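Trainee: Taken from TrEMBL, the feature domain 'CASTOR1 N-terminal' covers 68-128. Annotation comment: TrEMBL describes 131-199, 320-381 as domain 'CASTOR ACT'. Here TrEMBL flags 236-318 as domain 'Cytosolic arginine sensor for mTORC1 subunit 1/2 ACT-like'.
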Amino acid sequence: MLIEYCLIPPNLLSFSNLTASSCSSQGTLKKIICRSSGNHIRKGALCKLRWSTNEKEEKMELHILEHRLKVASIAKDGIQLFTHGLIKLAFLPSKTRCKFFSLTETPEDYTIIVDEEGFKELPGSDLLSVADETWLALNVVSGGGSFSSSQPIGVTKIAKSVIAPLADHNISVFMLSTYQTDFILVRERDLPLVMHTLSAEFTILRVVNGETVAADHLGITNGFVKPKLVLRPVIHPLSSPSNKFCVTSLDPDTLPTVATLLMDVMFYSNGMKDSAMGSDENGHIRFFSFSLIEGYISLVMDVQTQQRFPNNLLFTSASGELWKMVRIGGQPLGFDECGIVAQIAEPLAAADIPAYYISTFKFDHALVPEENINSVINALQVSQNKKQ
């Protein structure tokens, strides 16, 4: 099985147009793994292609990335103290050794996920709250098998293979879905249990100095008891703001073209009323997410914000899909409770509904296709009622 990463050409609109000549390899296309909706490819998406050979198909791969991450919250009224460091991390990556940076604004705060090098760019302040633990990012890479253009994406795709087993073993996770992929963050101290839990399902690999190598099993071999599977009802309050969202990206080479606009969106257009009221009179909330991870940019924004960007600059799918949000939590969720992501992901997986999932310091957020929002709310409410 020959594996190749390929940047999908902007003029390629469907999988049926994808051949070996679209990239550099020769052979018959066997598998493509990238963000998709139906038969549409997101223009500019980084896809992993598999060209068929006579080799036996392998298990899915779980990659343990080398980034050691901090999760932090910046108070809304303190963002001006941090803009110097944040602008450097977002727009001047050559000036820092940071390789993993994500900033998400919600009505309550700014959540930062950043590696240890990037964390050095942030000043110490009482307005910066940092989760105690160091986190590691996991990434699932699909193995072989026949290609399906309707393959679920996002957290739905890994609900049964990753999210549910980790919840069953009381391992807390922190999710970050991006345009390119999904990152499952686990506490560094939980890694041995994570590996043992998932080793039957996955070939586990670790990234060391940029190279992917076989991961060493870190103990936990004797006395391990598989837990009994339990019903996982939704236990936290749910809400759905009226915003419609897009999940998109842009070519890093064009970032200077919109840097001023992005700075305005990220730091100067929030309006302090959002922090106090949570949403405006139309039910809209403030939500914007920017990630720069290993050179790839991901953006999550509502359509009103998207309209501020020049035409043809942002990557969009041919279907132009929009997403609606389900917010999880009435009070801040914290980091210790296990199974929150699973409570949402499992009903969506059962209904074959794709979803992005973004955890923040205080609340969680699932994005589902606009046309599915009513059925999603109904399914989650049914699950919620089971706790009573």
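Glycine too: its Cβ is placed from the backbone N, Cα and C atoms.
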Trainee: I'm checking region-level scores; what's the whole-number mean pLDDT for the domain 'CASTOR1 N-terminal' (68-128)?
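Mentor: 97, rounded to a whole number.
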Trainee: Would you mind splitting the domain 'CASTOR1 N-terminal' (68-128) into helix, strand and coil residue counts from DSSP?
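Mentor: Counts, helix then strand then coil: 22 helix, 22 strand, 17 coil.
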Trainee: How do the residues of the domain 'CASTOR ACT' (320-381) split into helix, strand and coil according to DSSP?
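Mentor: Tallying H, G and I as helix, E and B as strand, the rest coil: 23 helix, 17 strand, 22 coil.
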